[in-house]
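One structure is given here, and the rest of the page talks about it.
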Amino acid sequence: MNRLAVELPGLSLKNPIMPASGCFGFGREYAKFYDLSVLGAMMIKATTLEARFGNPTPRVAETPSGMLNAIGLQNPGVDYVLAEELPWLAQYDVPIIANVAGSTVEEYVEVAKRISKAPNVHALELNISCPNVKKGGIAFGTVPEVAAELTRAVKEVSDVPVYVKLSPNVTNIVAMAKAIEQAGADGLTMINTLVGMRIDVKTGKPILANGTGGLSGPAIKPIAIRMIYEVSQAVSLPIIGMGGIQSAEDVIEFFYAGASAVAIGTANFIDPYVCPNIIAELPALLDELGFDHISECTGRSWNNGQTVYCGA
């Protein structure tokens, strides 16, 4: 028995560990360190309809126990991803989760329709933290009705299951999750980064050219745990948890909160081997904790040992 295998909508994972979108590119740099086939899945960089250069520099700043980024969705566009990146990734035995971004519902729909047809794309991850240019620039992920509308539109055209990446920059993340569930999403990924800022004490100006950026890393882990704990009890969708994971113990904590798999982001910048190392360490930790299978850990903090999510 593979004690780490996880079944989710569209995803048969050999283990529940995957790199988070935006921290792993399309895997080319990390493939120099290890065989990407060891990963449970891989979330590729956000893809838009046209190529995007991203925000001006500086767009990364270190913070205590984390980092700020304002990359601005730099990517080569869906045509290039389909022609170059996904065919290159096909050499690895790893299911791909394609992160889809856009400025309008129509852009999301077009990207989703095209990228979901790629043979090694097993699921989509909707990045709903993008600003909606037709709604005054407000992020798709901050208004439940807007997020639900986007989810429904993408579900209608996608050939694969759709996971929605929840933004923590909301007053009621449970209401957001419920609206997305009712709109037909197949799963949730959470949490995205929190909006933050650093100011240079010598100049008195924000360090990031964009002013604000997304805070990630261990600093946001307690927030991610709390939000997953709340959402997992309110909806029936499987959750891929993320936010500051850097050890096997962190993975178990996310599972206890209610996650069924996890994604690792910022830690890849610190240690490129973090994903395979955690995969290797998990069986011994399960032994220590007295579990036969990783799925037994899901929702352990609130479910009295009952199965929370099992199977696709």
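Cβ from N, Cα, C; glycine included.
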Problem - Site-mate of S21, K45, A46, N99, N127, K165, I191, G243, G244, G265, T266 for FMN in Swiss-Prot, selected among G214, G217, G290 - result: G217
Completion exercise
As a whole number of Å, the Cα atom of G243 (FMN binding site) is distant from the Cα atom of T193 (substrate binding site) by 8
Completion exercise
Sequence-ordered, the binding-site residues among K45, A70, G72, T193 whose CA is within 10 A of the CA of S21 (FMN binding site) come to K45
Practice task
In three-state terms from DSSP, label N127 (FMN binding site) for me.
Solution key: strand
Practice task
Fill in the CA-CA distance, G72 (substrate binding site) to C130 (active site, nucleophile), as an integer in Å.
Solution key: 9
Problem - Neighbours of K45, N69, A70, I71, G72, L73, N127, N192, T193 excl. site residues, C-beta within 8 Å of centre, substrate - result: G22, A46, S129, G214
